[in-house]
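Asks: Dumping what TrEMBL says about this protein:
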type: COMPBIAS; residues: 1-10; note: compositional bias 'Polar residues'
type: COMPBIAS; residues: 20-30; note: compositional bias 'Polar residues'
type: COMPBIAS; residues: 1003-1019; note: compositional bias 'Basic and acidic residues'
type: DOMAIN; residues: 156-331; note: domain 'Amino acid permease/ SLC12A'
type: DOMAIN; residues: 476-756; note: domain 'Amino acid permease/ SLC12A'
type: DOMAIN; residues: 770-887; note: domain 'SLC12A transporter C-terminal'
type: DOMAIN; residues: 902-1009; note: domain 'SLC12A transporter C-terminal'
type: DOMAIN; residues: 1088-1160; note: domain 'SLC12A transporter C-terminal'
type: REGION; residues: 1-74; note: region 'Disordered'
type: REGION; residues: 1000-1054; note: region 'Disordered'
type: TRANSMEM; residues: 151-171; note: transmembrane segment
type: TRANSMEM; residues: 183-208; note: transmembrane segment
type: TRANSMEM; residues: 229-260; note: transmembrane segment
type: TRANSMEM; residues: 280-299; note: transmembrane segment
type: TRANSMEM; residues: 306-327; note: transmembrane segment
type: TRANSMEM; residues: 477-497; note: transmembrane segment
type: TRANSMEM; residues: 518-543; note: transmembrane segment
type: TRANSMEM; residues: 563-581; note: transmembrane segment
type: TRANSMEM; residues: 641-662; note: transmembrane segment
type: TRANSMEM; residues: 674-691; note: transmembrane segment
Amino acid sequence: MSSVRFTVTPTKAEDLPRLSDTSPDISSRPSARVRFGSRESVNRSDPLSEGSGGVTTTGGNDTPDRCSVDQGDGNSKISSVYINNSHGMDDDDFYDRNLALFEEEMDTRPKVSSLLNRLANYTNLTQGAKEHEEAESIGEKKKASKLPQMGTFMGVYLPCLQNIFGVILFLRLTWVVGTAGVLQALCIVFICCCCTLLTAISMSAIATNGVVPAGGSYFMISRSLGPEFGGAVGICFYLGTTFAGAMYILGAIEIFLIYIVPQAEIFTGEDAAMLNNMRVYGSICLLLMSLLVFVGVKYVNKLASIFLACVIVSIISIYVGAFVSAIQEPPFPVCMLGNRTISGHLISDDSPCSKTIPVEIKDTAESFDSNFTLGSENGTDGPSVVPTDGPVVVLKTTLLWREFCQSPELNATCDDYFSTNNFSSIKGIPGLASGIISENLWSSYISKGEVLEKSSLGSSDAAHPASASHPYVFADITTSFTLLVGIFFPSVTGIMAGSNRSGDLKDAQRSIPIGTILAILTTSVVYLSSVVLFGACIDGVVLRDKFGDSVKGKLVVATLAWPSHWVIVIGSFFSTCGAGLQSLTGAPRLLQAIAKDNIIPFLRVFGHGKANGEPTWALLLTTLIAELGILIASLDLVAPILTMFFLMCYLFVNLACALQTLLRTPNWRPRFSYYHWTLSFLGMTICLALMFISSWYYAIVAMVIAGMIYKYIEYHGAEKEWGDGIRGLSLSAARYALLRLEEGPPHTKNWRPQLLVLLKLDEDAHVKSPRLLTFASQLKAGKGLTIVGTVVPGNFLQTYGEALAAEQTLKHLMDKERVKGFVQCIVAQKAREGISHMIQSSGLGGMKPNTVVMGWPQAWRQSEDPQAWKTFINTVRVTTAAHLALLVPKNISLFPSNSEPSTEGYIDVWWIVHDGGMLMLLPFLLRQHKAWRKCRMRIFTVAQMEDNSIQMKKDLATFLYHLRIEAEVEVVEMHNSDISAYTYERTLMMEQRSQMLRQMRLSKSDREREAQLVKDRNSMLRLTSIGSDDDDDTDGGERERPVSSSSEHHRRVQMTWTKEKTAHYRATHSGCSTPEGFRDMLSIRPDHSNVRRMHTAVKLNEVIVNKSHDARLVLLNMPGPPKNPEGDENYMEFLEVLTEGLERVLLVRGGGSEVITIYS
């Protein structure tokens, strides 16, 4: 079709010169990135070049300067022509003037006309092997793909019929009816057909909710339930299809060896020999079919119609034969001994179904005595001569006599059951009008090795066990209702054939639901009617005869066929061969689709194939797996295996539909409207029930395989975002859980650390203290929330890219440390503001952080910039105001990593003040991790002079016992309250140092300002006071980087300096920089409150170092910052003194609420 853009001037399509007949299929070329220009002529069409992949322009008066093509990087780019371009304006440029506001975003947001043009020219790639049929040699040009033209009947209905009708219909359905009875057989067929019908309804809803490309059911499940479920179910569906191929091959070999050419057996003997024959011929057949698929798939597709014709002709033959039997009964007598069935292989015209046969001898001239024995060439021995006046009548024993008596003599000793019962012959096919259905209504389950019996026939009262050497028809397998379900279910599979061919359909969203459901209804009617016809026409013993031994080795269903049983035999053989070829064709492509999605890394090699796309490696693996099914060599054992895999697939199709319907996702808008979530849940329940009904151990194995694949993809597979329903389910569950958490404050028993970890990035976006995140991961035995945050300084509009880079850095570090959580990057002008915003806004609803983890500002004493510790103290204040707990690990680089082996030692807790029990809970959580597992816990508390230390120790031990925490308890007494000279000197040095640093910073600022004044009298001065916190560039959540000149420009104002202003400024700001100012500083006297605080820090440090110098970790209460900000630097000194001499320290500050309780 042609692509025409309309302008105000009416123009007919016929008037356009050289208008192309083909439209560019942009969507089919993911490698070419096309940018839509802002000016387009009405006389222009843009066919996409096949050879170069670029864009060419033909027709009209377009010049190269209006639409140029750049292919430097391999991507096609069309330069946009804007309104302010230097080129001249044409008369048709008014089209772009109307979209001038959007022209700068035309590359990412194309015009609606361009978008509709792309959608209109979207073509589905043909599914399956059709595209490979059209692929020729590499040197030749690829043919232009034709639009899919297949309708509902040819594209969906007939392929589904071909895949559903299969080997079970011809080889096992009669046996199922005879064993289960008509009523239970109807129940089995109805349940299985209901399962597939409900699955087809769910599949139709999913298939009509958008375009379904290559992959069929795998694509639908993976895009609806996510890559984990999609990969697991895709592999199960692949294995089911592969084992289905093995089952069809075994069925074809069974028909070939038993019913067509029995003389072709290589091994002769009992059942084991037959299994070996199946293995040999099955392997040869599998090899030939694999070679046929490898050499030319087009032959397989061309033979598909022939195989389908064989199936349809065979089924019609069965129906015609059933109705003919009401008029003329087919001659298939069955020999019975008493009520036991005799093998028909020994029955012939010369050896009928009897013990003896009378033979008349006309030559009476000879004399005979009673012991005369005459050899017979027709298989009878031991004539008994009866002398008469007329012709001589000789009683000959039959082959049956010889089998039961081990001798041809009439006086031989025979089997007791043989002696007491007579032979009789019954009709194997009484006919439709015989009323035999009344006998076949009820089940007749038997065990392996039992003889097939007809209950309506009489027999002697003496029950004699049948010997395997006698020519009875024995059961080869123990039957039950559940076994029959597993064997029959593969006969209703194949409903995905229509969805797998979605690329070949003219209107897939209309054809798939109609064709699939009609095919299921058709096959269901055929199966249900076949059950009734088989039960009404064929005798029960013949129905239960799996291999047709009672009817001389003929296929049981073929005995009902008209005009000849060879119609069924030949037709079923070719149909099973065709079904096997289809399985060997489809399974490798399904594996190739999974491999190309790259969700299972070790399957990546199977995504490659021949030059024309044939999945060579996938075909090789499929052949090897199918060979495993061939080696099982029993159709009845292979069928339940693929039943499990198909039921797993159908179960998840129903789950996907139900999930999407219940979640009401906005994208769930299927055109097929005859679905409901209750139907999907019913189908899912039936699938699950059938799995455990047919074979519970196979069901468990299939679930374990799917579960292992699911976990493998979850941990090692590639991350995919397909907008799946599991993600929607997670969102709905998260919303529900968050709303529940909002109902009230969490109970103390439910408290767990929800961490907000503040990390610092350097100029190269590297984390300065990654061990801080390691420590957070070791605390995650509490399984709480973890948010890792950082502050990026600057303006959000300018530093958005840096924020994204910082976020990715933190995510990689979290993956490395195996921390499950979230990343939050805040862009702010000041670090302390960013941290404050982060603490206030992190989390959602009840899932907010309750604990902040931040690093200790290392080397804060040597830093000339006071912001390193000012922002730290500000963060302490903010967390206290927000009622959050605070954890500050000091010397974090010395903390153990996750890979270090656990060593024995102590975790010492110094419980000085009670702030909610955080000090008790944290060691317990740490000891759950392998790095701290071998550590023992010690709890120290401080007793003053007025305290009873003995009673305190008892009470603390009792408290820990009720808390279920094992720890050693010790009470430390601190009696000496005199302030030592060391404490006084330490306080004095602290205050003198603070004063000295303040003078040095002031002097440095003065010198900088004087230099700036000399350079430019009209310089920009800081509005804020000297030493203020405007120049934040360090903290636990900030990235250090130099302040740009532009930001410096905005922080200054224009001022005019005079001599008087300069003198006044120097007099007021530089007095302390004189030697007299330093002498005043030396004569300072320490503040009494500072002395007392220093005394406490010194004494506690002495006690802690004395008791815990060998501990692996020391936890102690972190004192709060002073209310007066002028004492912030002294506060840092107090904390430094308190933790001196300790290798690893964790300062803990509670959030004001109880986090641990003694109650259950």
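For all residues, glycine too, the Cβ spot is worked out from N, Cα and C.
No curator has checked TrEMBL annotations; they are predicted automatically.
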Asks: Would you say the transmembrane segment (674-691) and the transmembrane segment (518-543) are in contact under the rule of three or more C-beta pairs closer than 8 Å, pairs 6 or more apart in sequence?
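Replies: Stretch pair does not touch.
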Asks: If we skip the immediate neighbours and take only residues 6+ beyond the ends of the transmembrane segment (306-327), which ones have a Cβ under 8 Å from one of its Cβ atoms?
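Replies: Distal contacts: 158, 161-162, 165, 169-170, 429, 431-433, 526, 529-530, 533, 536-537, 557, 560-563, 567-568, 570-572, 574-575, 577-579, 581.
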Asks: Same chain, outside the transmembrane segment (151-171) by at least 6, Cβ under 8 Å from its Cβ: which residues?
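Replies: Contacts with the transmembrane segment (151-171): 247-248, 251-252, 254-255, 304, 307-308, 311-312, 314-315, 487-488, 490-498, 501, 504-506, 510-512, 514-516, 518-520, 522-523, 526-527, 530, 555, 557, 568, 572, 575-576, 578-579, 582, 635, 639.
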Asks: Please figure out which one of 229-260, 563-581, 641-662, 674-691 racks up the most CB pairs under 8 Å against the transmembrane segment (183-208).
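Replies: Selected stretch: 674-691, with the most Cβ pairs under 8 Å.
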Asks: Residue counts in helix (H, G, I), strand (E, B) and coil for the domain 'SLC12A transporter C-terminal' (1088-1160), per DSSP?
Replies: 35 helix, 10 strand, 28 coil
Asks: The transmembrane segment (229-260): which same-chain residues, six or more beyond its ends, come within Cβ distance under 8 Å?
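Replies: Hits for the transmembrane segment (229-260): 166-167, 170-171, 217-218, 221-223, 274, 277-278, 281-282, 285-286, 289, 490, 493, 547-548, 553-555, 558, 569-570, 572-573, 576-577, 579-580, 583-584, 586-587, 590-591, 593-594, 597, 599-600, 622, 625-630, 632-635, 638-639, 641-642, 644-646, 648-649, 652, 702, 705-707, 709-710, 713, 717, 722, 724, 726.
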Asks: Mean pLDDT, the domain 'SLC12A transporter C-terminal' (902-1009)?
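Replies: Mean per-residue confidence for the domain 'SLC12A transporter C-terminal' (902-1009): 76 out of 100.
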Asks: Taking DSSP states H, G and I as helix and E and B as strand, how many residues of the domain 'SLC12A transporter C-terminal' (770-887) are helix, strand and coil?
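Replies: Computed counts for the domain 'SLC12A transporter C-terminal' (770-887) are 55 helix, 23 strand, 40 coil.
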